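Asks: Copying in the features that TrEMBL gives for the protein in this structure:
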TRANSMEM  6-25  transmembrane segment
TRANSMEM  32-52  transmembrane segment
TRANSMEM  58-76  transmembrane segment
TRANSMEM  83-101  transmembrane segment
TRANSMEM  139-157  transmembrane segment
TRANSMEM  188-206  transmembrane segment
TRANSMEM  226-252  transmembrane segment
Amino acid sequence: VDYYLNLVNTIGIHTLLGLSAYLLILTGQVSMAQAGFFGVGAYTAAILTVIFQWSILSAIGAAMLVTGGLAFLVGFPALRVRGLMLVVATIAFSEFARMFFYNLRWQVVRDGTEIGPNGTMGFAEIRYFNDNGWLNWEVTIFLWIFVVVVMAIIWWSDRTRVGAVLRAVGEDELAADSTGINVTVVKIAAMTAGGVVAGLAGSLYAHQVTDLDHHTFTVLLATFAIAYPILGGLTNVFGTLVAVLFIQGLLVEG
């Protein structure tokens, strides 16, 4: 049972990761930065619950703010490039973030045990759920509440003027600009929103696996993030979920 619950959790986390890329792809941006935002969200939330002993909701909220702010900053230089150059630039960002975690050492002693990020050894003992008596099925429900809420928000937004504006920018920037749409604002907003969702996914991932390793946040993870919405189709958010079910449920886990 635990194996299947962990698989369901993985599907939920990767769905959020795919949705973070979905928002960007609608505006015509193919970004590999999602792996970096995912890692920042994971480490931020884990540090807050493990070292500072924050509640899980507070830590997740803070991680989303941090990754959203970081994505906002990344969005400005990203405006100067597009296509393959944007892919290369965002890969560089994700690799910078990954190497930062590789060298991050911030440990404190609690109850005779060293806890916190330990450089090349990773970040172990992220035991918030276990220490607070959460059962596995409760963790799964908690995680999927976020997945459902995010899917619902993006699904609703996609059917309002917000979705129309995002798609207009993605289809033809010049035409969108001629109709009065501020393309710069739209692209940065999409990058920021994508960063927030990726940070949410990362923070949930950290507490689900309980052990972080910088090898997780590679180009492969960013490729998965982009592949989900592309394979699932950009018609609606449910295609991303179907793609995750196929790739993670059938191909990866067998």
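For all residues, glycine too, the Cβ spot is worked out from N, Cα and C.
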Asks: Do the transmembrane segment (139-157) and the transmembrane segment (188-206) share at least 3 Cβ pairs under 8 Å, sequence separation 6 or more?
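Replies: Stretch pair touches.
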Asks: Which range out of 6-25, 32-52, 58-76 gives the transmembrane segment (226-252) the most CB pairs under 8 Å?
Replies: 6-25
Asks: Which stretch from 6-25, 32-52, 58-76, 83-101 shares the most C-beta pairs under 8 Å with the transmembrane segment (188-206)?
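Replies: Per the Cβ count, the answer is 58-76.
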Asks: Residues sitting near the transmembrane segment (83-101): Cβ under 8 Å, six or more positions beyond its termini, same chain?
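Replies: Long-range Cβ neighbours of the transmembrane segment (83-101): 29-37, 39-40, 43, 74, 77, 117, 123, 212, 214, 217-219, 222.
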Asks: What else in the chain is close to the transmembrane segment (32-52), if you only count residues 6 or more beyond its ends and a Cβ gap under 8 Å?
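Replies: Distant Cβ neighbours of the transmembrane segment (32-52) are 17, 20-21, 58-60, 62-64, 66-67, 70-71, 74, 78, 87, 90-91, 93-98, 101, 104, 106, 108, 115-117, 123, 125-128, 191, 194-195, 198-203, 205-207, 212, 214, 216-219, 221-223, 225-226.
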Asks: Using Cβ atoms and a strict cutoff of less than 8 Å, what residues sit near the transmembrane segment (58-76) while being 6 or more residues removed from its termini?
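Replies: That would be 33, 37, 40-42, 44-46, 48-49, 90, 93, 187-188, 191-196, 198-200, 202-204.
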